[in-house]
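For reference, TrEMBL has these:
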- 1-30: region 'Disordered' (REGION)
- 255, 307, 378, 581: Fe cation binding site (BINDING)
């Protein structure tokens with residue numbers, strides 16, 4: 001049954017503390033107990049399609065394009081030599097990629113049709129688990145077999161550090177989607193015998209919208225996986241060493257940044273050894289060549305789990321949070337996962353910020369900063385003020401590392417009392433809630449050490465949420481609105497979609513119907529809108545894949561980005577897993593991303 005459209009509600013700065021305390025109380029009292037999320041983790045299937053899904057209401061015809069989404073799809077594998085294998089952490093479910101094609105209705109150009117396809121990306125890993133009962137290679141939070149002795153742990157550490165190239169193919173890559181990345185053409189299909197599309201042309205569906213030339217999935221390691229843009233079949237892989245031989249470290253971040261003007265890609269590679277080295281690099285969209293623009297090492301440079309960073313018109317900003325990895329990084333292969341390799345949180349482990357000039361004339365570190373201990377998964381945006389002498393960075397900040405623990409499957413699915421044990425601890429509950437934090441970094445300091453960062457403001461949950469997005473045309477320039485998914489304590493997962501006004505600190509809520517868990521809200525700008533000033537910034541729609549936990553079905557939701565009122569939806573009769581990130585892609589007829597003219601504004 002289709003749920004009725006939900007009204008939006010407005011809250012202000014004066015409501016921040018009240019709403020925050022209410023959310024904490026909801027978690028403390030178990031208000032989440034009757035919100036089902038199991039359908040997003042169990043019994044998920046492929047729909048290789050494309051299949052048409054029914055549209056109700058109105059999805060604007062100008063929102064045509066392809067919405068790619070990725071995330072976990074398999075959590076349980078039966079019949080292994082060790083019994084049933086179960087994934088411990090949400091982040092470690094086996095990869096499953098989805099595509100929604102929004103096309104013009106040939107019978108009515110004011111309407112759209114929506115077609116859906118999906119494909120599992122880790123079938124070889126699933127086969128390995130089926131044969132051995134273990135998840136090979138690095139994971140985020142999968143617990144090691146407690147029966148392993150010291151010798152087995154030592155051998156496992158050695159094997160994890162020396163993964164043969166032909167076994168890298170089975171790695172689990174499921175966090176973000178990167179269309180048409182430059183510099184990987186020569187890496188495409190680089191695993192012999194695995195790089196060809198096997199789906200017969202007759203079964204490929206005949207698409208009605210142009211697709212990108214290439215689609216790659218990324219994660220927080222150096223490994224990237226290529227998919228066929230049409231069939232979603234995995235067809236190749238590469239590590240960052242394909243960009244440049246110096247990029248040989250095992251860790252990176254899932255969220256590469258793309259220059260909104262010229263399409264250049266920026267990221268970093270983290271290497272371990274006698275010292276930790278971060279190599280920040282740029283891949284030229286015009287030539288495909290990769291340059292190392294900075295190497296960070298020495299004082300204040302700790303091995304750490306980092307999920308994202310910042311890009312402005314002239315700078316890369318890398319913030320190393322308090323999620324330091326033990327033993328100089330070597331604890332990851334020993335522990336078998338990242339979560340157990342991270343050192344306990346300490347207020348003494350301050351966040352360190354490095355500002356790197358990315359212009360051709362002045363490349364290198366131009367500023368070092370320090371802020372209180374904390375952690376973040378997601379940067380939001382960054383921009384320059386005062387002629388480039390000041391950088392403003394927005395992130396979703398946590399005051400501790402407790403958020404990592406709340407995303408274990410037993411907590412999310414309320415198994416064996418795990419949710420109650422986690423949330424009834426008030427300090428842990430508070431530590432697992434985030435704030436939208438704005439930091440100001442002044443480059444006019446003459447200090448050679450780490451200069452204190454100014455925190456401009458901090459807006460607590462649920463007036464801020466996870467998986468934040470903005471109008472992509474405002475990347476690297478001043479933005480006003482942030483869209484995200486709040487934790488209000490009605491569910492163990494995100495339970496709404498919000499629009500946060502960073503200028504007035506007002507927040508507009510789209511409260512999901514009970515049992516409806518939303519995915520990342522992706523902003524699609526309206527063509528022809530006036531984006532030269534903040535009045536036009538929210539002129540577009542939001543697309544979110546929502547799971548109805550009661551009916552065990554999902555739907556693609558379309559909200560007006562200005563009012564958060566529902567415009568339409570495309571409904572499926574099956575469930576889609578609770579995933580991570582995606583991208584709405586509109587390309588030219590030859591598969592290229594359209595050129596972007598820089599929006600002139602503050």
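Backbone N, Cα and C define each Cβ position, glycine as well.
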Intrachain residues whose Cβ lies under 8 Å of the region 'Disordered' (1-30), provided they are six or more past its termini: 56-57, 419-420, 423-424, 426, 429-430, 433, 459-463, 486-490, 504-513, 516, 548, 551, 563-566, 569, 571
The region 'Disordered' (1-30) - residue tally per DSSP class, helix then strand then coil: 17 helix, 4 strand, 9 coil
Site with most surrounding Cβ atoms, counting all protein chains shown within 10 Å, from the binding-site residues 255, 307, 378, 581: 581
Sorted by sequence, non-255, 307, 378, 581 residues with Cβ within 8 Å of centre, Fe cation: 175, 176, 253, 254, 308, 377, 379, 467, 580
Conformational class of residue 307 (Fe cation binding site) under the three-state DSSP mapping: coil
